[in-house]
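Student: Have a look at this one before I ask anything.
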């Protein structure tokens with residue numbers, strides 16, 4: 001017997017007599033731009049405010065993680081409706097940096113952006129920007145310290161054995 005999940009509102013689902021509430025829900029009708037407006041645009045503003053930001057895509061094989069994060073494999077920059085979260089976030093981030101630098105030209109603002117793309121699959125961590133960095137060992141770490149690391153620092157820490 002199939003489990004039926006019913007969307008009650010933009011923030012609630014019901015299944016098997018229980019209701020679950022989330023910050024937001026993206027369903028099968030959600031478009032790439034909907035996902036960007038829900039997740040990407042606030043993420044960019046948080047980055048510009050000085051906060052580290054992460055997107056964590058989790059789900060079973062074939063559930064649409066890659067499509068949501070990257071978009072259609074044949075989508076070009078001109079095909080905005082098929083772009084995923086990553087190209088939209090990158091584009092918006094650099095547009096906003098330019099806006100801020102122009103708005104505060106007298107302050108000569110300098111921004112530093114760092115980006116990491118890690119894949120965890122079958123308990124193996126791979127750096128998607130440098131495929132030679134793989135098979136990181138996951139070990140207990142001082143997470144209070146690790147929470148302040150950049151992706152590169154965490155990547156290096158994991159590569160060196162962590163702990």
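Glycine is no exception: its Cβ is also placed from the backbone N, Cα and C atoms.
All TrEMBL annotations are machine predictions without curation.
Take a look at what TrEMBL says about it:
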- 1-163: domain 'Kinesin motor' (DOMAIN)
- 59, 60, 61, 62, 63, 64, 65, 66: ATP binding site (BINDING)
Student: Taking the binding-site residues one at a time (60, 61, 66), which has its Cβ surrounded by the most other Cβ atoms within 10 Å?
Tutor: 66
Student: Return the count of C-beta atoms lying within 10 angstroms of the C-beta of residue 63 (ATP binding site), excluding that atom itself.
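Tutor: For residue 63 (ATP binding site), the 10 Å Cβ neighbour count is 11.
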Student: Would you identify which of the binding-site residues 59, 62, 64 has the most other C-beta atoms lying within 10 angstroms of its C-beta?
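Tutor: The largest 10 Å Cβ neighbour count belongs to 64.
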Student: List every residue in the same chain as residue 65 (ATP binding site), at least 6 positions away in sequence, whose Cβ is under 8 Å from its Cβ.
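Tutor: Residue 65 (ATP binding site) has long-range Cβ partners 57, 58, 59.
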